[in-house]
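Q: Sharing a structure with you now.
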Amino acid sequence: MAEPALAGETLHTTPLHAEHVALGARMVPFAGYDMPVQYPTGILTEHLWTREHAGLFDVSHMGQAALAGPDHETVARALEALVPCDVLNLKPGQQRYSQLLADDGGILDDLMITRPATPEEAGHLYLVVNAGGKEPDYAHIGARLPEGVRLVRGDDRALLALQGPAAEGVVRRMGCAAADLTFMQTGWFEMAGCRVHVSRSGYTGEDGFEISVKDTDAVALWRALLADGAVKPIGLGARDSLRLEAGLCLYGHDIDTLTSPVEAGLTWSIQKRRREEGGFPGAARVQAEIKDGSARVRVGIRPEGRAPAREGATITTPDGREIGVVTSGGFGPTVNGPVAMGYVARENAAVGNEVLLIVRGKPMPAKIASMPFAPHRYKR
Amino acid sequence: MTVRYTKDHEYIRVEGDTGTVGITDYAQSQLGDVVYVELPAIGKAVAKGGEAAVVESVKAASEVYAPVSGEVVEVNSALEGAPGAVNEDPAGNGWFLKIRLSDPSELDALMGEDEYQTYLKSIS
């Protein structure tokens, strides 16, 4: 049995750290934070509970920030210079997934962008970035904003994700009108006596909510949500297996500075106006890849046996020619079998194509598969 | 019958010239839900401290090292269909493999029950 290496650095904690410890969570270092990887029931149970009921995740390690400027158009155009999605035509209250791009079209981070709903918030955009991207992203964005637009860090806010088919009922039972939001809609609400900013979104493939709350209210809200019998706390372990089954990218694994959004299969997140007009970093490459296809693409992979193939496993053709690499892989509890994603040469990417995955030096038969592995159940 | 333990949390339960190898309750609790076990071929020669099997949880793959040198004479094929036995009954139905010991004196370097319990306290 190989022991995982211990991190020597001092770890940050979220406002819910003591709650996790009290619930018996196993805490591990993740992106500089001491985070719950699982609670005593374990990852399998947590994963399946989220797909069947509602799981509550502490994602306060993620970076919350706002861009503030004189009006929507000014702020939207400032952000459009850094991301390939259409920010300008976001409706009030609407949220979009996008990527911060480098000048060569590589992905610096992926993020959620929200145009807030109320007139009082006009000229603001809310951002949620990955925990590991926080400092570099804020520096990158801050250095590229025009006069009159500034980045405001939301380090005093916690973020809770409530995910699963029972999530809407939980929010409704709390008497919170956020239950009436649809997928990728957002707004301010009262929940358990706390003022919260809610989006109908998440990263599990399930219907659900992401709830931003002042750090000092986080414990009260966490406890109020857990008081509902449909809700159990879920750690990062199940968060990873849920997003993998949902076919969603994890930054630093499935996407990074060496992958473009087109290679990553994220072209859907680049709206028509931006594809045509460009005007974002790496636009020439992205536009060319949309037109002609990229040399390699992200695909789903189903190993044929029971053995999981992990990140880093080489992908070859049946006759042993190397065509790519696995970027995320593991056991899918809902699929009840191994699932993976990775990059392969475009000519090998057709669903159903037979490939080999090299696991511990041995070739393992697998097939290119369509994603998601578990169907998305968003509330549209 | 004696049970000896490694610092990597394998156990070996020795009966005659054969030892049954598995991972300890502490090891299974650290791993979490086991979803796959890769077992060696019967007849394979294993060296003390060398890889004997692989155990995979939802999170990660971990090697199971041979506590002693010898030949694999039996494997627990039931784990292929029911890897969860490693979590539920690590010292019983969750065993991995049986080794015919080539050098029983290697057992002397392993920990006994009391020593292993003390070791667990020292690392927790």
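Keep in mind that glycine also has a Cβ here, set from the backbone N, Cα and C atoms.
Unlike curated records, TrEMBL annotations are generated automatically.
What TrEMBL records for this protein is below:
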- A:16-272: domain 'GCVT N-terminal' (DOMAIN)
- A:Glu210: substrate binding site (BINDING)
- A:296-373: domain 'Aminomethyltransferase C-terminal' (DOMAIN)
Q: Find the average pLDDT over the domain 'Aminomethyltransferase C-terminal' (A:296-373) in the predicted model and report it.
A: 97
Q: Long-range neighbours only, meaning 6 or more apart in sequence with Cβ under 8 Å: which ones does the residue listed as 'substrate binding site' have?
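A: Set apart from the residue listed as 'substrate binding site' by at least 6 residues yet with Cβ under 8 Å, we have A:Val59, A:Val128, A:Leu159, A:Leu160, A:Ala161, A:Leu162, A:Val198, A:Ser199, A:Ser201, A:Gly202.
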Q: With DSSP, how much of the domain 'Aminomethyltransferase C-terminal' (A:296-373) is helix, how much strand and how much coil, in residues?
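A: Per DSSP, the residues of the domain 'Aminomethyltransferase C-terminal' (A:296-373) fall into 3 helix, 45 strand, 30 coil.
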